[in-house]
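Taken from TrEMBL as is:
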type	residues	note
TRANSMEM	A:7-26	transmembrane segment
TRANSMEM	A:32-55	transmembrane segment
TRANSMEM	A:62-81	transmembrane segment
TRANSMEM	A:87-108	transmembrane segment
TRANSMEM	A:115-132	transmembrane segment
TRANSMEM	A:164-183	transmembrane segment
TRANSMEM	A:211-230	transmembrane segment
TRANSMEM	A:250-275	transmembrane segment
TRANSMEM	A:287-309	transmembrane segment
Amino acid sequence: MKSQLNVSSVVAALVVAGLVLLPVYSNLTGNIFILTLFTRIVILALSAVSLNLIMGYGGMMSFGHAAYLGIGGYAVGILAQEGIGSGWAQFAVAIAVSALYALVIGALSLRTRGVYFIMITLAFAQMAYYVASGLARYGGDDGLTVYKRSDFGGPINLGNRVQFYYLCLFCLLAVVALVWRIVNSRFGLVLQGLRSNEQRMQAIGFPSKRYKLACFVIAGMLCGLSGALLANNTDFVSPAVMYWTRSGDLMVMVILGGMGTLMGPVVGSVVFLVLEEVLSQLTEYWALIMGPLLLLIVLFGRGGIMGMLGRLNRG
Amino acid sequence: MAEPLLRVDNLVRRFGGIIATDHVCLDVSKGEIHAIIGPNGAGKTTLISQLTGHLAPHAGRIFLGGRDISSFPAYKRSALGLARSFQITSLLTDFTAADNAALAAQAHDGRHSFRFFANARKEKPLRDAARAALERVGLGHRADVLVSKLSHGEQRELELAVALATKPQLLLLDEPMAGLGVTESQRMVKLLAELRNEVSIVLVEHDMEAVFALADRISVLVYGRIIASGKPDEIRQNEEVKRAYLGDQHVVVGHG
């Protein structure tokens, strides 16, 4: 804990400060593109934070986390098309359906562990992908355009770029704070104990499965929220947001930033998505640079970026 | 006669063609230290794992305080007062010693752990219980050290502290002296002797000196079968036990 309180917390604070001040920069320079890019980054960071709760703190390698992005997105898209424009209703449904999906998938998946858990979560997410592709009424393969953003009434207007950005950032920071409380709570200690040694935890009297399932559901709900925001950001939702490569991206963001660290997934998302953006402008073959770069960081920087920064302190 | 604290009735467990637990019957009274000895591969750990619920027996039943717990999962048996230490140290290595003991206390303080907001490390009753358990085994001064930084001997002591923090009626100790030096072993024997009045103990151990110093009764397990059970003196005189141990490196000592 003590060592966290140096370089890595400074970097985390700088990242947050940067995110808070970004619209100011965008406004001063007239660079609207960067605001759009970072809105996406903040939203995906939220899903990475939620994935980190199961992967980093719970030790459950879920390879189907993007399913919740789709569930959240389709909740917004479908309700909007059916004439229910209220953001409160849309977001509530997004989160509730995500919770339900997580409960069912989790109850089945958590019977397995290790590589089987990875494969079964992947399989369920792919099922969700094909179900969405089959929704002919809602665009099927082509996806669904959201003609009107979620309506929260009052002064909240998601159509306003800056306001929407700050809403997303607020959600991200609130979720980070929530995760911070959770990991230090009774529940969080049990969760991390299970990651460390499940047999030991059972021997001292914890029914392990129900705690893991609860964690799985919480993470799913948070990612469902992120999905609802994402659909608002792109004004569009398609099965592609649930594709397994997207789940893989989320895992990479978490591992890159540092699994089981509070701000790791946020830092990882920023670095991953900015790199992707910058490299793809340089060359068509950007993945050729990105891949080895990520490999190097994962191979030599155990604990991701936050882990490397943590080691800097100790010299 | 009163119902024994632990009663094992014709327990059977096979691994493929091998019978690792062969119709084992055993009872442990309240306040007793009951040692289980036997050569390597006799099935001692297999037996312990069935008692704690980590391994399902193929036949037979287990009673704790008269209650049939044969089908209970490990966590439920823990709730009923059964605690174990592991032969191969099994702790939460990325937690501190105090966290390990505090989690054990947390599982047993009667409140569930679906609490998501309050900082559990600031719950004084849990921290106090953890500290008490650590001090009991002489680890009070190492409370805030990460388990991975503790010496092997200290980890063995912590195994015991964690078990004690669950406030057990019955301790199942799987080779608590494994890998300990001479002085550490002596400390452990002294500690177990002190615990005698608080908790019943099933002691699986290779260190015969320790076994004969501590045990009220001894059961001898060979190839999954209990070939003899009785007071230390009776076991020492038992011809079958002598034969079973002949040729094995663990020789029953002549005097305890």
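Keep in mind that glycine also has a Cβ here, set from the backbone N, Cα and C atoms.
Here the transmembrane segment (A:211-230) touches the transmembrane segment (A:87-108). Their Cβ atoms form 3 or more pairs under 8 Å, with each pair 6 or more residues apart. Using the rule of three or more Cβ pairs under 8 Å, pairs at least 6 apart in sequence, the transmembrane segment (A:164-183) is in contact with the transmembrane segment (A:7-26). Of the candidate ranges A:7-26, A:62-81, A:287-309, A:62-81 contributes the most Cβ pairs within a distance under 8 Å of the transmembrane segment (A:115-132).
The highest tally of CB pairs under 8 A with the transmembrane segment (A:7-26), across A:62-81, A:87-108, A:250-275, A:287-309, is held by A:250-275. For the transmembrane segment (A:87-108), the most Cβ-contacting stretch among A:62-81, A:250-275, A:287-309 is A:62-81 (pairs under 8 Å). For the transmembrane segment (A:287-309), the list of distant contacts is 7-8, 11-12, 252, 254-259, 261, 263-264, 267-268, 271-272, 275-276, 279: same-chain residues at least six beyond its ends, Cβ to Cβ under 8 Å.
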